[in-house]
Amino acid sequence: NDGRNTKLQPRRNPNEDAEALSCPEYQEGFDGSCYEFVGLQRSFLSAQGWCERGAGHLAFILNDETQQFLQKHLDPEKDWWLGLAPAAPNLTLDSAATEGSLAWLEGSDVSYSNWLNTPDAQAACGYILRHSGFQWEAAGNCSQELNFICQYGMYSSIACDGQNATLQCGSGQVVEIDDSFYGRKTIHYCRSKLTASPTSSQEECSWIDVMDSVKAHCHSLQACQAPVDLSSFGEPCPLLGSYLSVEYTCKHGYCDDCASINVNDHVKLRLSCVTTCPDVVWYIEDPKPLAVRLEQQLEFICNNVSSDTKHHIMCFPQKKVSDFLLTGISNVQSALLNNKMLDGDPAIIDSGQISVYVNRVSPKKMQMQDVNVQKNSSSRFSFPALPAHIVSPEEPVDVRKNPYSWKEENITGTVGSISLTRVNGTVISVENLPNEIEIFLPRLDVGQENSTVLDLANFSTLIINVPSPDVTLVLKMEPSENISFMLFLGCKDYPNDDNYVAKTQMPLENEKYTWVLSPKDRTGEVGEHYLVMKPIVEPGIKSMNATVTVISIAAQCKYWNETESSWSENGCRVGPLTTTLVTHCLCNHLTFFGSSFFVMPNLVDVSRTAELFATFTNNPVVVCFVGSIFAAYLLVIIWARRKDIQDSAKVKITVLEDNDPLAEYHYMLNISTGHRRGASTSSQVTITLLGTEGESEPHHLTDTEKPVFERGGVDMFLLTTHFSLGDLQSIRLWHDNSGAHPAWYVNKVMVQDLESGQKWHFLCNSWLAVDVGECALDKVFPVATEMDLKRFSNLFFMKTAKDFRDGHIWFSVISRPPCSTFTRVQRVSCCFSLLLCTMLTSIMFWGIPTDPSEQTMDLGHIEFTWQQVVIGVQSSIIMFPINLLIVSIFRNSRPREKGAKTDTCKQGKTGRVSPSQTSSPQKTLKDITPDTVIKDIKRIAQSLSKAMKSPLPHLELRPGQPADINTLLSLVEDIIRQQNHDVQKKSNNSRYLYKQLRHVEKGLGLLGLSRFPNPDSYNRAMQQVQGMKGLLEYHLHSSNLEGAQLDRSPSPEESVNEESTKKCCQGGLPWWFVFVGWILVIATSGVSGYFTMMYGLTYGKDRSISWLISMMVSFFESLFITQPLKVLGFAAFFALVLKKVDQEEYGEPQIDESLRNTDDPDTVRAARRDSTCSFYQPPPPTDIEKIRNRMIKEQKVFALIREILAYMGFMWMLLLVAYGQRDPNAYFLTQHIRQSFSRGISDSMSIQDMINWANATLLSNVFGEHQGFITDGNSRLVGNARLRQVRVQPNSCHVAPSMQQSERDCHAPYSWELEDMGSYGPGWSRSEGHNTSLNLQSPWTYQSQHQLRAFPIWGSVKLYRGGGFVVDLGPDLHNSSRSVQYLYDNTWFDVYTQAVFVEFTVYNANVNLFCIVTLMLETTAIGAFQFRSELQSVRLYQSTGGLHIFVMASEAIYFLFIIYYMFVQGKMMKQQRWAYFKSKLNLLELAIIILSWSALSVFIKRTLLGQRDIEYYQNNKDQYASFHETAKADAVLGYLIAFLVLLATVKLWHLLRLNPKLHMITATLQRAWTDISGFLVVMTIMFLAYSIASNLMYGWKLYSYRTLLNAAQTMVSLQLGIFNYEEVLNYNPVLGAFLIGSCIVFMTFVVLNLFISVILVAFSQEQIHHKPSEEDEIVDLMLMKVFSLFGLKCKKQTD
């Protein structure tokens, strides 16, 4: 072996090319083979033998890629043998490599070579020569010793005589045999000496198919050694020797998705041997041994390579499948134990996930050795001495162990199983042992060790969290010195000598410093336990400086109970040798065993605070983040405090200033403005209440101290009436449409009767505006019924709005209702505390190792593990209660009651008394006059008659007649006496009437006799008022309503008692609970922030960054997606299921009693309403119509300005795009090329002239002075130039019989049907395939336009097809001249030639333009050729300057305009439907849009074609590169853009309609259109007649009339005065003069003048009857707006 171990690489499946080839360390993989670069010096034969021992051969280099790969790894200082040897006939095939040359060892020819020198006939082998740039050299001496390269091909193995072929596949794969033979197919494999040439004996070699034999050994195994049994056949190649060749593939042999396995399907387990692999023999009750193929359809592989797999073998949820596999493992163990020696080495099979251990031992030796697979993740068993009744001392015992990862319930560690069987396979039952079996189960998810150092200088205490009542607590202590101490364990309290859960003294006898506490020892308590450590010291010693490190472990030992199918703990306990890595279990029986560890959070050591913060510079991530959150919190708190102050100003009940001083009945209005855009109003809003008992006066809703009706705002007003309105039926709202933004969206209105407490809801949800919604400023809204309130839409939107504004802790910071006692500052603080708590719980459980064997739960596309669920629940339990408590405290705490002084200062918080309602005595005396008293009495009479529904006597209150105070009071007294029988209504109104009369009495008292005109009248009035008061007092006393309290206000004592009673009934927490909430906020925020920073410093920078990203993503996902969806879901549930109407949304503000009890006997309110204000009257419909028209006009003005600005931008962008696609240099380039190639051209050219032109002008210009450039060297020739002709077929026309003798041949003019498409020899002979000296075969063979990549082309005469007979000109002037001369000599141009094309493309880098040039010489079958040139300039390389970027930006903006216009036209199409297509402007817009997208598609097409053509040129630089298709696309793009500009400019006419003069022109043409259309028909007929006549007369003679179209053009020119009179008159003076004269008389003098007169008549009529359009007024208004914008005065023109 030359000191080398041959180890075959794992092979890959050829069907999986993506899977990388895995080669051993000392080999390099490439293209499916592994290469070994052997540094040993060997001869050729020895080197080949060395490679063959590893099942390979010397390297073959079959292509340049392999050569390049080998060069990277070869030492250029050394020579390297290759697998080259003399070509010899293949022993089994008819043909092989050419004899006499070198070939590859397997006999194939050398198709790729890199020879330095061509090998001669004496060459016997080949190698890579040093210092030659890795070129090959042939050698005649093959015995020289060189380095060599071995190649090991995939899926093939060669074994020389006497050896086994090694077959091996990769992890999880098995062998499938494709082909195999034994014998010899080539003489170069497995030979002992060099053979130069084959001998006769070699011809006797043959080979034998041994595929079935190899399949029996190796099929479906991961690896095997394939032997050859020669007993059944002879030696195929006796002289040279034979070799075994095997071809195979590797296929996957394990299941990808175990969950889908069916019990009846084949299941393959991949196993590998760690120790020696025995011959696997199947042991069944029948003693006959069986072959390797096992029963139960299970196939097993043994080899000496161990590899991992990605799949768990025990992941089957079906118990039946699990039992089936366990049975299979048991059968494997039985097979391994067959013929096993007693007390020998164990047989171990390991697959990474499943390990099988079997051994046959005597009972005495069993207790001396551990049963272990010697692997970290595997369990370990130690047996005690087993009793004789269980195991007989003389009988051998078979030990079977198969641990594997298995997850059930909360088993987190390794699962192990062991069983003892007798030699015949029966199981020995092991249970109730006197001594316990020791089991060590490794823990898979090893986390950080929870260790704490306690200082015994003081009584040290450790807090331990016990997660479950079933766990065993293992406390491992490591003291710094050997000391004794007492341990006390307490639950939920500190233990002492008398009160404890458990205690012990350390060290213990056996375990020394390990204390194991089973659930029974701890009485099964859960939660925090306190471990107190008291050192035992000798008397006189006061202190001890020792420390103890304590490690706490919570563990369980469980076994699988077959009868109950569950994990149980009976008979098993946790042992003292348990560590964080291994669970130590002590059990008295055998079965499956498992250990469990609970998910405990990562711990942080508080004592290391200073040490951790010292690492801040290395890991500032989390600390800086927490610090920035604190800083942001402080800034937001300042903002929130300011908003709270603003909110407090909004929370007030506005007492309306226009309330009547005599009105004492109170209504509270609660008006909500919507959240829509533009919902707030600047108008003056007025309301009227309509009830069953009457309606209120109109009231102006305003407040001088705060803005009202803001977007999303709620405004409260106190409105008073004289008497109750009864049940409200509706409300009426209107506004005067004043201010900058008059439109108002009212959401809902709630009215509350403060006397009875009754509420009415009005669901408005309506615009009061002239330009939105129903375009109304005045609306009546009916009261909402119970069904209206419980409608889904109302409940859903009400609940959603409330939850977002108040319930959602984050969103409510911005949109908090001002009435809520839960302030913004408190909300921000709750959010801050919640965020920090969330961060803490997130970082506590971040990165806890997950168990790889844990079962994944799958809910559709969502996968999670039980550990993740537990962590989520634990996080919620930690975080949720404290934050819920803080929010509840803030939300439910009552506001602090202010003292009497602060009450007067902060009146606005609850309500306010308008300044006009209380007055000084001086002011009162001035305001009180007899007229005001009379007016008050008159209002009392009117309101009383309304309330009683009794009409007033007309005579008493006639408008023109002065009223007498005594008469009015008598009238009031009569109404009271008449209505005495209506007791109920009277009792309701009497109280308020009494107060009004008392107010009149005070007014009369203030006036006195001196200011009253008639003393008798004054005294009588006082008596009348007092009499009515007495009457009312009597009735009120008799009805037991208010009794003696009428005449006085409540006493202070009564008020205090009433207030205290009210407070007792109020819910909520005392005001001082707010401090408790703030303490909790500070505590939770501080603790969470501190521990979050500690965890962040502990984790390190990378882990902290990954946690931070994860946390932020999770937080924002929750904030913006999860929580809003939760709010909407709850609202939908609330609206659909509960259907409960929230009457009080945020709690009602307290109404100050001073607003209700205005019974101060010393004050008289003298303020009166000014009823002349315009807003007290709803706007009349005519005014609304005017306002609406004005608004519509203003909207049209702004729409017009928008249209003009948009059109200007659109035109600007379009022109930028149009001229960005065109280059002014293109004209000069094409003009220069056209002039260069037009020299020597005449109007009529013969073939000889054409040849002269080609030699003199064409070739000298195509191949200019500079190589590769045309003409003067500025434009480079792209590819070659091409000469192409199209021909017609001979005898393609009919000759008249009389001329057939003299004119034998006839050919018609060119047409596609008559085009010659044949193939000829030189001189157009029919001898095809003749080879000429210039190898110009193609000029005589027709090529289609598809082959030539060409397109049809228009000439002056015809449209020619793109195919033809072609010659490429080039590559220089000399060769091109020879080609043209050859064509001329062989009559390539003859009478059948109809058109000759010269085609080439040039590129001018100076102007960055391609020019596609086509020069045409065409004839009409009369022999004379006409010259025509067609040049198309294209820019295919976009320039990179700033202008190009500007043009690209313009193109993007242009298409944004197009998308905008599409949106506008789409809306119009939807509104107008089929009427849309009747408008010419709409069709114009549609055409512009369609043309724009067409231009974009053509632009993309041109770009793609240009890239294709340039790529073709790059790959074929010596051929003609056709850019014709690109040129056509560019031309189409140019036409489309031109039409776009044309249509867009025509659209300008639509904007010019705004000019009155131009509008008149349009109207004139519309008026005259009928007459114009008739004249156009006449003119067309006349033009057609003269055109036909002139064409027939002069078409065969004069150039201007050669076709009908040319004749029509000439006639039009005649009308314009552009005419050549002489050619017509010279040809025929008489006819010519008649034709010209008659045409001028009829067409110019008669028809055209009549045509113009029709238009002039229509114009004069339009001037008389012209009606100015609505748009004229809009234009005037627009001009006024524009002038006012610039501060100019606009004078309106009057006609």
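Glycine is treated like the rest: Cβ placed from N, Cα and C.
Feature annotations, courtesy of TrEMBL:
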type	residues	note
DOMAIN	159-251	domain 'SUEL-type lectin'
DOMAIN	463-607	domain 'GAIN-B'
TRANSMEM	620-640	transmembrane segment
TRANSMEM	830-849	transmembrane segment
TRANSMEM	869-890	transmembrane segment
COMPBIAS	897-906	compositional bias 'Basic and acidic residues'
COMPBIAS	913-923	compositional bias 'Polar residues'
TRANSMEM	1071-1093	transmembrane segment
TRANSMEM	1105-1138	transmembrane segment
TRANSMEM	1197-1219	transmembrane segment
DISULFID	C1293-C1306	disulfide bond
TRANSMEM	1443-1463	transmembrane segment
TRANSMEM	1483-1500	transmembrane segment
TRANSMEM	1532-1552	transmembrane segment
TRANSMEM	1572-1596	transmembrane segment
TRANSMEM	1630-1659	transmembrane segment
Long-range Cβ environment of C1306 (disulfide bond), under 8 Å and at least 6 residues apart: N1291, S1292, C1293, H1294, V1295
Secondary structure composition of the domain 'SUEL-type lectin' (159-251) [DSSP: H/G/I, E/B, coil]: 15 helix, 33 strand, 45 coil
Segment proximity, the transmembrane segment (1197-1219) to the transmembrane segment (830-849), 3 or more C-beta pairs under 8 Å: no
Same-chain residue ranges lying at least 6 outside the transmembrane segment (1483-1500) that approach it to Cβ under 8 Å: 1454-1455, 1458, 1461-1462, 1465, 1477, 1529, 1532-1533, 1536-1537, 1539-1540, 1543-1544, 1546-1547, 1550
For C1293 (disulfide bond), the number of other Cβ atoms found within 10 Å of its own Cβ: 14
Local confidence of the domain 'SUEL-type lectin' (159-251) - pLDDT mean: 77
Folded-back contacts onto the transmembrane segment (1572-1596), same chain, C-beta under 8 angstroms, at least six residues removed: 1565, 1602-1604, 1606-1608, 1610-1612, 1624, 1627-1628, 1631, 1635, 1639, 1642-1643, 1647-1648, 1650-1651, 1654-1655
Intrachain residues whose Cβ lies under 8 Å of the transmembrane segment (1197-1219), provided they are six or more past its termini: 1446-1447, 1450-1451, 1453-1454, 1457, 1460-1461, 1537-1538, 1540-1541, 1544-1545, 1547-1548, 1551, 1554, 1674-1675, 1677-1678, 1681
Selected stretch (most C-beta pairs under 8 A with the transmembrane segment (869-890)) from 620-640, 1071-1093, 1443-1463, 1630-1659: 1071-1093
Chain residues outside the transmembrane segment (1071-1093) and at least six past its termini with a C-beta under 8 angstroms from it: 604, 613, 622-623, 626, 629-630, 826, 829-830, 832-833, 836-837, 839-840, 843-844, 882-883, 885-886, 889-890, 892-897
Same-chain residues near the transmembrane segment (1443-1463), Cβ under 8 Å, at least 6 residues beyond its ends: 1206, 1209-1210, 1213-1214, 1216-1217, 1220, 1485, 1488-1489, 1492-1493, 1496
Per-state residue totals over the domain 'GAIN-B' (463-607) - DSSP helix, strand, coil: 2 helix, 69 strand, 74 coil
Positions on the same chain near the transmembrane segment (1105-1138), where near means CB under 8 A and six or more residues out: 621-622, 625, 792, 795-796, 799-800, 803-804, 807-808, 810, 835, 838-839, 842-843, 846-847, 1096, 1099
